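Some features that TrEMBL has for this protein:
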type	residues	note
DOMAIN	1-226	domain 'TLC'
TRANSMEM	38-62	transmembrane segment
TRANSMEM	96-116	transmembrane segment
TRANSMEM	122-143	transmembrane segment
TRANSMEM	155-175	transmembrane segment
TRANSMEM	195-222	transmembrane segment
Amino acid sequence: MHSIFLSGLGTLFFVGSHVTIRKILQSRFRDIFSDTSIYVISCRLVSALQGVLTSTVGIIIASSCKDILKDTVHDDLYKYLNLEDRIVLFIKLNKLMIAHHLVIPCVLMPLVLCLKNTKGDYFFGAMLTVELVIPFISAREILSQLNMKDTRMYVYTSLGMVVMFFACRISLFPYLFYRYAVYADIPLTQVPFHIPLKCTLSCLLILAPQVYWFGLMIRVLFRALTNKY
């Protein structure tokens with residue numbers, strides 16, 4: 001019942017946020033923006049809100065872990081369950097997230113939450129900060145809807161998006177490897193061979209598409225800078 005309540009509360013919060021934002025925009029900017037633009041802007045603002053909240057949760061989790069490997073924020077939840085029961089419980093507790101981000105939970109979350117064997121909440125919390133880039137992506141889409149692609153604000157927002165993407169989705173992985181190297185008192189180059197193979201492979205699996213998308217972002221930013229200046 002607790003998980004159902006939280007899922008329902010989350011649904012009401014984000015749906016309610018979208019409806020509220022849309023109503024405000026419609027009441028104040030109906031003569032300026034079309035209904036389609038208002039709807040898209042509302043979606044992007046809610047997406048940005050979700051990114052900030054998710055990253056905040058991740059920062060709280062990571063900062064609460066004094067031992068970056070063994071500390072767990074809620075260790076009793078999975079502690080006495082076998083792998084199959086952990087997966088079932090995880091799916092039950094995250095139905096909405098799985099529906100919203102099907103690929104990521106199917107690849108990332110079971111690896112982190114189910115296979116980590118009650119360890120690694122610090123790394124899980126740090127991984128949630130990848131959502132910090134969402135507000136910048138949403139801001140670019142909103143500026144696009146406002147026909148402001150040729151403005152300096154759009155260029156600056158694009159630059160901020162690229163910088164934040166690199167910080168949160170590219171350099172995050174070397175940083176986490178560095179933290180583990182310090183924790184285990186081993187050279188950084190030995191970390192991939194010291195941690196379980198599943199951890200190294202999952203990091204590579206997650207990092208690969210991020211590098212690809214980062215390359216696309218760099219090209220888009222370069223074109224924007226070229227056209228502007």
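Cβ coordinates come from backbone N, Cα and C, glycine included.
Averaged across the domain 'TLC' (1-226), pLDDT in this predicted model comes to 79. Beyond its flanks by at least six residues, the transmembrane segment (38-62) meets 14, 17-18, 21-22, 25-26, 29-30, 73, 121-135, 137-139, 141-142, 145, 168 of its own chain at Cβ-Cβ distances under 8 Å.
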